[in-house]
Amino acid sequence: MKMGPLGAEADENQTVEEMKVDQFGPGHTTLPGELAPDSEPELIDSTKLIEVQVVLILAYCSIILLGVIGNSLVIHVVIKFKSMRTVTNFFIANLAVADLLVNTLCLPFTLTYTLMGEWKMGPVLCHLVPYAQGLAVQVSTITLTVIALDRHRCIVYHLESKISKQISFLIIGLAWGVSALLASPLAIFREYSLIEIIPDFEIVACTEKWPGEEKGIYGTIYSLSSLLILYVLPLGIISFSYTRIWSKLKNHVSPGAAHDHYHQRRQKTTKMLVCVVVVFAVSWLPLHAFQLAVDIDSHVLDLKEYKLIFTVFHIIAMCSTFANPLLYGWMNSNYRKAFLSAFRCEQRLDAIHSEVSVTFKAKKHLQVTKNNGPNDSFTETTNV
């Protein structure tokens, strides 16, 4: 899985002509401004056009601005307001940290690389930027999977105890540790070098460099394995979990107005989390599909607008980094109240969870028996 700005580059096995295609667009064998004998002027790739670059600058800057503000706000309210410090919200804050990493460390350099056509940010960032984006995406995927499994365990099986806050911190730490290990090839197998396109003209390249004689096959294996393990499989688990949760909530009959209100809160929270997963899956699908096409058929690299297509799909994928805070504010009243309180610089958030605490504080565990059948009894906790 080739993450970030360097995913649009070919590997170290490219010929000079192929590197020239990357730099100046398909069909070019001369420097910009020069014409081959008896040839017509050729259009360089669209990312070199000023109007396209303006659109790309606006798109990336908007994503960065919205992402930094929104994700910082999510982290702030979870840390500041005690009533927001629930296990689910800790996982949501972890998603925000991962997205913030992409917004601040990856996207500015992605934009710079796209506009300049070569890597001008030095060898350290050559290794760090693709690694950071791969790390963040993998952390997000693991966290979304953990949230789905936790809610499935509590709602479908009516378990009395949820994950404790201490265990949630351990899970978050493990998510970052496992992701750091899985993303490490993106930093290790990379080379920062000068490549001579034509005599007396060099560009700075940051390319994949896999070991062994069959270098290309290792990159393909890693890319396909990452796609399966960190996209297809987790989304399968998440889809299964939320399908069962949705079925359980839809078919449940609540005996009493108080519990019915609590049940509705769970439905709303589940809807919000499902939307987060859908946005993540849909936004990343075009980029994953396009990269899969490249891995299967390298001739895709010969497309005239390959770089523009990759960049557009990358922008779509990055929209997920600012969409989550918008979903929280739109679909969850607790986050909406917390955001407003943060803007007003309020120190407390007394209103939050008030409807839950008043009704259920005296009934931390509510035993419900449906149709007087012992097999239908279950226990609900108040932490939504």
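Don't overthink the numbers, they just go from 1 along the chain as shown.
Yeah, the Cβs are placed from backbone N, Cα and C, and that goes for glycine too.
Going by Swiss-Prot, these are the annotated features:
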TOPO_DOM  1-54  topological domain 'Extracellular'
CARBOHYD  Asn13  N-linked glycosylation site
TRANSMEM  55-75  transmembrane segment
TOPO_DOM  76-89  topological domain 'Cytoplasmic'
TRANSMEM  90-110  transmembrane segment
TOPO_DOM  111-127  topological domain 'Extracellular'
DISULFID  Cys126-Cys206  disulfide bond
TRANSMEM  128-148  transmembrane segment
TOPO_DOM  149-168  topological domain 'Cytoplasmic'
TRANSMEM  169-189  transmembrane segment
TOPO_DOM  190-219  topological domain 'Extracellular'
TRANSMEM  220-240  transmembrane segment
TOPO_DOM  241-271  topological domain 'Cytoplasmic'
TRANSMEM  272-292  transmembrane segment
TOPO_DOM  293-307  topological domain 'Extracellular'
TRANSMEM  308-328  transmembrane segment
TOPO_DOM  329-384  topological domain 'Cytoplasmic'
LIPID     Cys345  S-palmitoyl cysteine
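Through the fold, the transmembrane segment (128-148) approaches residues 1-7, 88, 91-92, 94-95, 97-99, 101-102, 105-106, 109-110, 121, 171-172, 175-176, 178-180, 182-184, 186-187, 190, 226, 230-231, 234, 237-238, 241-242, 273, 276-277, 280, 284 of its own chain, all at least 6 residues removed from its boundaries and within a Cβ separation under 8 Å.
Taken residue by residue with DSSP, Cys206 (disulfide bond) is part of a strand. The residue listed as 'S-palmitoyl cysteine' falls within neither a helix nor a strand when secondary structure is assigned with DSSP, and so counts as coil.
In this model, the topological domain 'Extracellular' (293-307) carries an average pLDDT of 83. For Cys126 (disulfide bond), the count of additional Cβ atoms within 10 Å of its Cβ stands at 23 [all protein chains shown]. Using a cut-off of 8 Å between Cβ atoms, the transmembrane segment (55-75) and the transmembrane segment (220-240) share fewer than three residue pairs, counting only pairs 6 or more apart in sequence.
There are 24 other Cβ atoms within 10 Å of the Cβ belonging to Cys206 (disulfide bond).
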